[in-house]
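> Copied straight from TrEMBL:
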TRANSMEM  12-34  transmembrane segment
DOMAIN    12-447  domain 'Major facilitator superfamily (MFS) profile'
TRANSMEM  78-95  transmembrane segment
TRANSMEM  101-126  transmembrane segment
TRANSMEM  138-160  transmembrane segment
TRANSMEM  249-270  transmembrane segment
TRANSMEM  290-312  transmembrane segment
TRANSMEM  324-342  transmembrane segment
TRANSMEM  348-369  transmembrane segment
TRANSMEM  381-405  transmembrane segment
TRANSMEM  425-442  transmembrane segment
Amino acid sequence: MTDTKFPKRYLIVLLTFICTSVCYIERVGFSIAYTVAADAAGVNQSSKGMILSTFYYGYALSQVPGGWVAQLIGGRRVLLMSFVLWSMTCALVPLDPSRATILVIARLLVGVAQGFIFPSIHTVLAQWVPPHERSRSVSLTTSGMYLGAAAGMLLLPTLVKFKGPQSVFLAEAALGASWSLLWFKFSSEPSRMDQQKASAVGFGKSLLPTSKSKENIKALHKAKVENGGESAVQPMEIPWKNIVTSLPVWAIVVNNFTFHYALYVLMNWLPTYFEQGLQLSLQDMGSSKMLPYLNMFIFSNIGGVVADHLITRRILSVTKTRKLLNTVGFVVAALALMALPLFRTSTGAIFCSSVSLGLLALGRAGFAVNHLDIAPRYAGIVMGVSNTAGTLAGIVGVGLTGWILEKAKASDTNLSTPESWKQVFYIPGYLCMFSSIIFLLFSTGERTFN
């Protein structure tokens with residue numbers, strides 16, 4: 001696998017793809033298993049929203065520390081430790097809705113552990129992947145989330161039906177342990193040659209032009225003088241002030257928030273929408289319930305391939321490519337989200353949710369790869385900051401949706417009317433419109449941190 005026919009960086013990308021797949025099987029799995037157990041125990045929608053959103057509190061806490069630790073000791077080690085922690089938690093915790101305190105602690109631990117994963121992945125990819133392969137590599141890696149969610153939606157309801165909700169936890173723990181063994185055996189730190197390819201001196205510069213400020217030039221000159229006139233790479237502190245005040249970073253942050261608001265609301269509440277909003281059984285829906293996430297997998301990889309094609313063939317600049325794909329994805333997704341509650345059949349609901357999630361995944365070829373464009377050296381850190389916003393979207397969106405539905409249920413006595421769900425889907429629709437404008441105005445494909 002390490003010869004010229006299959007470079008080691010491809011193996012690393014494949015393993016990170018499997019990594020994200022397993023993570024999202026776990027997230028979808030908990031939503032499905034807990035929904036069944038909670039409904040059987042008579043838990044109300046507001047309490048369900050609280051438990052479902054607990055994961056994101058832990059996830060938010062560890063995003064920036066995850067990027068910092070990955071920068072410090074290497075993303076490879078952090079990924080392994082994170083997987084071992086959340087897998088052990090799933091294996092040991094009982095799924096009992098009446099023991100809410102234990103579930104809250106467990107979901108916090110799983111959230112903290114998984115919060116280290118995506119900043120670490122971006123640190124690893126920044127070390128291994130050259131600029132002309134970044135769009136499709138990041139898109140393939142992140143598309144694992146959607147394939148995992150699709151697999152979870154397809155298989156886990158049947159597992160719950162025949163083996164009970166607790167079996168989902170054990171299956172997730174086994175998957176996590178299996179990936180940990182694969183990563184331990186096959187992953188490694190990049191060689192000097194691989195690091196040089198990832199830096200892509202010359203070719204990479206033409207793809208990712210550098211915007212050097214006067215301060216950067218002075219710093220480089222000072223480093224050269226202090227080293228006796230010879231240029232040398234010096235360890236640099238993380239430029240927190242520049243990151244926090246950077247408009248391109250904020251453009252990524254806003255779009256990450258919106259993407260995850262829509263994704264987490266649909267991921268956590270689609271099972272409830274199908275069963276209570278449309279009076280459908282997940283088990284009886286067959287393979288159709290996995291289509292929204294399968295669509296995300298397909299469009300995420302389409303976005304990556306299209307972006308790399310536009311960039312490497314010099315059809316569009318990096319900046320224009322990111323803005324084009326982000327805008328198309330988010331605007332179309334907004335329209336589909338707002339149309340979703342108007343359809344009262346399984347076919348219409350599956351179609352709208354598939355279009356909205358698929359086009360959001362296409363948009364990831366805009367904002368989600370942009371970390372590596374503007375700050376390849378600090379990709380893990382910027383990803384941590386950005387993903388913290390995305391995690392806050394999970395806390396706000398999942399919890400707020402539970403409150404909206406509980407209020408609707410109190411007034412309408414059931415959740416089968418379109419009016420009960422309009423606010424649920426209109427909010428992420430409006431956010432998508434707003435975020436696409438922010439990205440058009442403030443994003444860039446040029447390197448802004450050296």
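Just so it is clear, glycine is given a Cβ too, placed from its N, Cα and C backbone atoms.
Mind mapping these onto the model and telling me what they sit next to?
Note on the transmembrane segment (12-34): residues 48, 51-52, 55, 79, 83, 86, 90, 95, 97, 103, 107, 110, 114, 117-118, 121, 124-125, 128-129, 137, 140-149, 151-153, 156-157, 160, 165-166, 168-169, 171-172, 175-176, 179, 182-183, 186-187, 267-268, 271, 282, 293 of its chain, located 6 or more positions outside it, place their CB under 8 angstroms from a CB of the stretch.
For the transmembrane segment (78-95), the list of distant contacts is 19, 22, 26, 33-34, 37, 66, 69-70, 102-103, 106, 109-110, 112-114, 116-117, 120-121, 124, 165-166, 168-170, 172-173, 175-177, 179-180, 183-184, 187: same-chain residues at least six beyond its ends, Cβ to Cβ under 8 Å.
Beyond its flanks by at least six residues, the transmembrane segment (101-126) meets 12-13, 16, 19-20, 23, 26, 30, 34, 51, 54-67, 69-71, 74-76, 78-79, 81-83, 85-86, 89-90, 93-95, 134, 137-138, 141, 198, 371-372, 376-377, 379-381, 383-384, 387, 391 of its own chain at Cβ-Cβ distances under 8 Å.
Listed as Cβ neighbours of the transmembrane segment (138-160) (distance under 8 Å, sequence separation of 6 or more from its ends, same chain) are residues 13, 16-25, 27-29, 32-33, 36, 121-122, 125, 129, 167-168, 171, 267, 282-283, 287, 289-297, 300-301, 303-305, 307, 357, 361, 364-365, 368-369, 372.
Sequence-distant contacts of the transmembrane segment (249-270) (same chain, six or more residues past either end, CB-CB distance under 8 Å): 27-28, 31, 52-53, 56, 149, 243, 292, 326, 330, 333, 337, 353, 356-357, 360, 363-364, 366-368, 370-371, 374-375, 382, 385-387, 389-394, 396-398, 401, 405, 424, 427-428, 431-432, 434-436, 438-439, 441-443.
Below 8 angstroms of C-beta separation, residues 28, 132-140, 142-154, 207, 266, 270, 318, 321-322, 324-325, 329, 350, 353-366, 369 of the same chain, each at least six residues beyond the ends of the transmembrane segment (290-312), sit close to that stretch.
Counting same-chain residues at least six beyond the ends of the transmembrane segment (324-342), those with a Cβ under 8 angstroms from any Cβ of the stretch are 255, 258, 262, 277, 299, 303, 306-307, 310, 316, 348-349, 352-353, 355-357, 359-367, 418, 421-422, 424-426, 428-430, 432-433, 435-436, 439-440, 443.
Within the chain carrying the transmembrane segment (348-369), a Cβ under 8 angstroms from the stretch's Cβ atoms is held by residues 134-135, 138-139, 142-143, 146, 251-252, 255-256, 259, 262-263, 266, 270, 273-274, 278, 288-289, 291-293, 295-300, 302-304, 306-307, 321-330, 332-334, 336-337, 339-340, 342, 432, 439, 443, all 6 or more beyond its ends.
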> Looking only at the domain 'Major facilitator superfamily (MFS) profile' (12-447), what is the model's average confidence as pLDDT?
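PLDDT averaged over the stretch: 84.
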